[in-house]
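Visitor: The structure follows.
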Amino acid sequence: MSRKIGRIVAASLATLAVAATAGCVAGGGSGDGAGSSSTIELWTHAGGNEAELGVITTIVEDFNASQDEYTVEVTDFPQDAYNDAVVAAATAGDLPCIVDIDGPNVANWAWAGYIQPLGLPEETYDGQLPGTLGVIDDEVYAYGFFDVALAMFSRESTLNDAGVRIPTVDDPWTGDEFDEALAKIDGLGRYDQAVDFGTGGGGEWIPYAYSPLLQSFGGDLIDRSTFETADGALNGPEALEWAQWFRGLVDSGYMAQTSGEDATADFVNGTSGILYTGNWADATVRDAFDDAVVLPPPNFGDGPKIGAGSWQWGLTTGCDEVDGARAYLEFAHDTKYFVEYGEATGLIPATLDAAEEIPAFAEGGDSRIYLELANQFAVVRPETAAYPFISSVFQKATQDILSGGDPQAILDKAVSDIDRDIEQNGGYTF
Amino acid sequence: MTTRTTAPPRQAAASDGTGQHRPSRTLKGERTAAAWMISPALVLFILFLIIPIVLAFGLAFTNTRLISPRPGEFVGLDNFAYLFTDPVFWASVRNTFAFALVVVPVQAGSALLLALLVNAKVRGTNFFRTVYFLPVVTSMVVVSLLWRFMYEKDGLINQFLGRVTGGAYDPIDWLNDPVWALPAIMFMSIWQGVAFHMVIWLAGLQTIPAELYEASEIDGANKLQQFRYVTWPGLRQTATLILVTITIASFSLFTQIAVMTQGGPLDSTTTVVYQAVRTGYQQLQTGLASAISLVFFAMVLVISGIQRYLTRERS
Amino acid sequence: MTATEALVLPDVDTPDRATRSRPPARRRVGITVVRGALAVFFALPIVFMLISSLKPDLQIFADLGSWRALAPVGDVSLDNYTGVFDRVPFWQFLLNSVVISCATVVLGVLINSMAAFALSRLRWRGRGFVLTVILATLIVPFETLALPLLWWVNKLPALEADGFSLAFTQGWLNTYHVQIVPFIANAFSVYLFYQFFSSIPRELDEAARVDGAGWFTIYSRIVMPLSGPAIATVSILTFLPAWNSYLWPLMVIQSEELRPVMVGLQYFFQLNVSWGQVMAYSSLITVPVVALFIAFQRSFINSIASSGVKG
């Protein structure tokens, strides 16, 4: 009786099916026409960041003008949206030739087959800060133009009034000294919090900022000898000590369990005595205080540690124009562009040659300390394809610890989650 | 659910039966018209809802990863077995239900009170209606950011409470207190959504014939009796609609959590949808995330079945 | 006491109720006071946003914990707005969101109401089954389906005009329609229309049938004109998510020319977050929606009263 309905619905579906098949055939058949100049697509996370995007545009324009075989085309995304866009594009098989990658994701993307070794001559990377190279199994998958460093900011007046020694890169605070300093600054009664670790931050900030503290205590996110388990590293006595110390800062009132939306603004507005953040805050702090001082992070036993590995450039696996993309990446790896990056963004130039050409980072410059910190204390986040998962687990674990949960139980659960994930992925072997 | 599942076909069969007495041309015309009218929606549903659901269903029994060189493998019920032993998942289920249990009645009730208040014949109705509606038209992401500022320990809300109580109030660190975080999010969610349901109630109120009020006034009913015997019965259908809308919104609770608490402190605000997204996008476990989604579908099917049963038209 | 009475007294702007007396003066004042207090409650966070959008980042935080957060004091300027316009192609984003949201609303109202009409008014086999399936999918949060959907839309064919010839291409990524078509059919909209149509007396159809009207005429000339509130509700419920969509465009749109407003918000979250610009941008994207509501609210709420349809 309802044959008519059936027919209409069937017809609509059939049309779609035919269209779909036709589409597949058409899609499969259409190849890139060999034009006189082939286009190389490049994606960057720098959307909305005028300084960085400006440098990228300059490099690309210079490259396009330097030869007529290839034309590089830039597409920019806002940073927070970038990773999702790349993963979506990869899922859809639609990646561009050149991508930039947040350092800790390099291993995962290489494992997944998104990116391939750059294949540039070894000597290209001479004098480059190790944290700015994405190296897996001795192959370079990505290089970056800059790095960032974690440091502590305070004011000379604050430290002097509290009667605290001002630490240096060569002679940083010990853990005990640091705790003592906090007690004395707290005793001034001047600040809501003696120290602001940026605990209001979320996402990748947490492993970037707090896993170095954990490492300074002697723990780690994973056992780096095998990259097969987190057992012992993330739940051993050192890790537990770190967790108890960190939560202890909340209990003693030296630090907010969750700090404000913008720790730098709060510090400048006089809410906190010491600010722990990246060197991107440098300009804001120095503008506000004449007596601003930059301090190395404390040494909790295993030496001061800071994170490393910022945005880096890689070459995708599906790229049709590998030679052109390589030509671009080699062209871009030029000291003058490192200098331009450093000057435009104020971040640490990734090569020592470039650093010498930027007054702030040259010997005796105001920002030289960041280069020293990056050079001496930087520890890259574990170069394993398991990293995105580890990061997610560590974020939750840290937040739970700061909220006052049982640290041993939290760390044990984190370890079992990580180990389960590694096992499920066959050890993330290539 | 069961009443719905079975009732309409029987109804359709019955009308088919009566159809024999009508000119068959009419009936045929009706069918043709129906086919043309339902097809576009049906095709779109199949393409963009049913097929993705089926895909998600399939993925739930595999260990597919979002980023991986290894193809997903069939793992049977492993994902579900893991979920049911995972305390975080259970916390999510508990929080989701707690949120819905509080928000659905409170939001529906306050929306009705607001509607009655705005409906009173006093100057400025349009103005107030618009002001109350402001949060609804503001993006939830933006709203969550704003409230994150206001809920800070020395933020506006605590300042206000301190002022009102003359300092007797001991500031609560709203979003960092496992006891208060979820209620704080409930409050803010109700604030954001209540005006929308106020407007639906208002639309419902307008459908009540004025003669009924006049008649009840003549019968000497007081205002409360009027509400009980005239207003409320006239709002039955609106009530169903509102309950369903709020239930949907409460069970899908995600944005507020993602922006304000990321499930913390100590899992006190994590929800099922938040866990599904976190597992799928952040932890890249597509298979496990699909399993969470599947459990979620089952859960809401049961709820909506119960709700439809409770609000069924009694005839 | 008076407040409760005021609350339970519905009072509507219909002509036939104009004869009813307004509440007495004392209660009118009471009602206005309550309304005013609530207005403050609902508007404050939005005021906070607008005010903050006029301040430099550091001052926003300095003012956060006091009345100053809600007052345009200190270093007030429109700098954040100029900053926003310098930083993102705001008008492009706005245009994209308008196109996407409006197309979704118009097509959604049309297609879902037709489906609901077929489900509630016409007799055909399979009706109950289709209705059940649609109702069963009522609560499916989009987040849980985004990944399979992404994979799937990338397999769909698209017809592309290339000069004068049409060609099929594979994949819907990076287009306008991938932001529109998947969201047209909506179970909840069908349900809303279905509910509403059921309340419109069938006698109207019968009469029109007798006059020789076809089903499409009944749908477009009788049922739809009576469905103002349902159309308004569905429009708003379709418009808001479309306007605020974030996750989906992120996954399917690569070129800046196609991005909607909510993705634009992310441009301001850099290593140093420009909170002032975040506030300015948020205000800018909220204003059009508020304007839209003000424009439509009268017809939204009052249309049913004037339509002559009584529950």
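Glycine is treated like the rest: Cβ placed from N, Cα and C.
This is the feature table in TrEMBL:
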| type | residues | note |
| --- | --- | --- |
| COMPBIAS | B:1-14 | compositional bias 'Low complexity' |
| DOMAIN | B:93-307 | domain 'ABC transmembrane type-1' |
| REGION | B:1-25 | region 'Disordered' |
| TRANSMEM | B:34-61 | transmembrane segment |
| TRANSMEM | B:97-118 | transmembrane segment |
| TRANSMEM | B:130-150 | transmembrane segment |
| TRANSMEM | B:180-203 | transmembrane segment |
| TRANSMEM | B:238-259 | transmembrane segment |
| TRANSMEM | B:288-310 | transmembrane segment |
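Can you tell me where each of these features sits in the structure?
Guide: Residues 72, 74-77, 79-80, 286-287, 290-291, 293-294, 297 of the same chain lie 6 or more positions beyond the ends of the transmembrane segment (B:34-61) yet place their CB under 8 Å from a CB of it.
Beyond the ends of the transmembrane segment (B:97-118), by six or more residues, the same chain brings 125, 128-129, 132, 182-183, 185-186, 189-190, 193-202, 205, 235, 239, 242-243, 246-247, 250-251, 253, 271, 303 to within a C-beta distance below 8 angstroms of the stretch.
Long-range contacts of the transmembrane segment (B:180-203) within the same chain: residues 95, 98-99, 102-103, 106-108, 110-112, 114-116, 118-119, 129, 132-136, 138, 140, 143-144, 147, 151, 172-174, 235, 238, 241-242, 245-246, 249-250, 253, 256-257, 260-261, 264-265, 268-269, each at least 6 residues beyond the stretch ends and with a Cβ under 8 Å from a Cβ of the stretch.
Same-chain residues lying 6 or more positions outside the transmembrane segment (B:238-259) and placing a CB less than 8 Å from one of its CB atoms are 96, 99-100, 103-104, 107-108, 111, 140-141, 144-145, 148, 185, 188-189, 193, 197, 200-201, 203-204, 207, 269-274, 277, 296, 299-300, 303-304, 307, 311.
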